[in-house]
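Per TrEMBL, the features are:
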- 23-285: domain 'NADH:quinone oxidoreductase/Mrp antiporter transmembrane' (DOMAIN)
- 57-80: transmembrane segment (TRANSMEM)
- 92-110: transmembrane segment (TRANSMEM)
- 151-170: transmembrane segment (TRANSMEM)
- 177-195: transmembrane segment (TRANSMEM)
- 201-221: transmembrane segment (TRANSMEM)
- 233-254: transmembrane segment (TRANSMEM)
- 274-293: transmembrane segment (TRANSMEM)
- 289-343: domain 'NADH dehydrogenase subunit 2 C-terminal' (DOMAIN)
- 321-346: transmembrane segment (TRANSMEM)
Amino acid sequence: MSPYILTILLLGLGLGTTITFGSTHWLLAWMGLEINTMAILPLMAQHHHPRAVEATTKYFLTQATAAAMLLFASTTNAWLTGEWNIQQMSHPVPITMIILALALKIGLAPTHSWLPEVLQGLDLTTGLVLSTWQKLAPFALLIQIQPDNTMLLVSLGLLSTLVGGWGGLNQTQLRKILAYSSIAHLGWMMLILPFSPTLSLLALLIYITMTFSTFMTFKVNKATTINALSTSWAKAPVLTSLTPLILLSLGGLPPLTGFMPKWFILQELTKQELAPTATLAALSALLSLYFYLRLSYAMTLTLSPNNLSGMTPWRVNSNQLTLPLATTTLMTIALLPLTPAIMALLKL
């Protein structure tokens, strides 16, 4: 792809997200989401592979459905209440419709089935954008709505954590595993959103950091399946030894960074007298932890049955950017000691 076209598309992505961030009117928010969707479609289909084209088509149809539902719900709200302001939603029917539309946009269960299929058809870089940046604009709208009926968000969140855990158990494709990981993490964010939006935002930022590190690790190893991970020792030994820590941080295992948001979320759910919900969410995290352990085992404790032909991979200079990978890996592994400072900063 031409660098000029790539620059325009990336600026379009940023513009769409920024418009949604800064909007208080539903039509402007909808416009930002549409610009965002239109900007990423060429990036998804740039390789002209049948799977990429199929993934792009699925993504377009899903996002168009969610956008139409969002527009219909905001128009219904204006008809019922005479109000277009995002933060002054009062009628339960349009609020429910908008939450479901935004759930479809980001891939929350039970509207999640498109996400693993779409992510499987993309290359790792575009998949990273889809898993991180594309979540920001709908999430900003969810934070602004703040519905009175918290049961809908809690139900969606709990279902997403369970589906994200169960769905990833029998997968061998890394991109599908990361898609189910995304569904599970979004479920944790939705669980706590009605009670503590700042905590939900913290979980989103840490999820983006961990996912960036994971995608970049697989990109350096050129791995898209679990079996391909077994050749990583010969390609990047130091990175291979650090990768299990990244994966276990995604699973929320102490003393790694990923434990921090789950710890806070379980604590807050208990304060809200939702102990059964917190218990189910904690048990669903064990399911996710299992398939992260599978990846760690495949990467560190197994060797490829085939000898690597050609020049030894560790003598070939990699053209991958290592500074972003090093920075996010450090943040993914070592932020837990800063928990008191983060609590003071966010006033948790």
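Cβ coordinates are placed from backbone N, Cα and C, and glycine is handled just like the others.
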Within-chain partners of the transmembrane segment (321-346) [C-beta distance under 8 Å, separation at least 6 from its ends]: 198-199, 202, 206, 209-210, 212-213, 216-217, 220, 239, 242, 245-246, 249-250, 254-260
Contacting positions for the transmembrane segment (151-170) when only residues 6+ beyond its ends and CB under 8 Å are counted: 96, 99, 103, 108-110, 112, 116, 176-177, 180-194, 274, 277, 280-281, 284-288, 290-291
Outside the transmembrane segment (177-195), six or more residues from its ends: residues with CB under 8 Å to it: 106-109, 112, 115-116, 118-120, 127, 131, 135, 139, 142-143, 146-147, 150, 153-154, 156-165, 167-168, 171, 203-204, 207, 211, 214-215, 250, 261-262, 264-265, 268-269, 272, 277, 281, 284-285, 288, 291-292, 295
